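See below for the structure under consideration.
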């Protein structure tokens with residue numbers, strides 16, 4: 001019996017990690033419908049737009065001996081294929097570009113956090129509200145402007161993944 005326990009311990013230590021679950025977690029990482037608040041500094045309006053974002057669970061691993069072995073990279077739900085759409089905010093003063101672009105998720109994947117497509121800093125307290133305090137009451141518009149320009153592909157920031165420290 002002691003030999004069996006020793007062999008089992010050796011097997012666990014040699015793996016270095018264990019899966020959080022053998023069954024896929026539900027709901028898995030996938031595009032979902034979402035309503036986002038859109039505003040721009042200098043424009044006196046905050047509107048909401050309907051889009052798709054990546055959300056859901058990704059399988060992760062954890063070390064059995066966390067103090068002895070280095071941390072494993074953790075994956076998060078990221079955009080795989082994305083297109084960018086643009087809208088024109090109404091009522092922006094002269095000299096302020098009224099065009100705002102936002103991502104539309106076409107497909108998603110579990111991967112290291114990519115700053116070009118993912119907010120790696122954690123959840124926002126109120127993702128459906130505007131940051132400007134003037135727009136946090138019920139007077140903000142809840143519908144997109146009637147005329148939306150055609151979608152455009154915009155260059156994104158560098159695609160540098162965040163690695164664990």
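Using the three backbone atoms N, Cα and C, a Cβ is placed for every residue, glycine included.
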Which residue range, 96-130, 131-165, is the one Swiss-Prot calls region 'Disordered'?
131-165
Candidates 43, 92, 108, 113 (disulfide-bonded residues) with Cα within 10 Å of residue 33 (N-linked glycosylation site):
none
Could you measure between residue 29 (disulfide bond) and residue 46 (disulfide bond) for me? Cα positions, answer in whole angstrom.
29
Reported as an integer number of Å, what is the Cα distance between residue 110 (disulfide bond) and residue 43 (disulfide bond)?
36
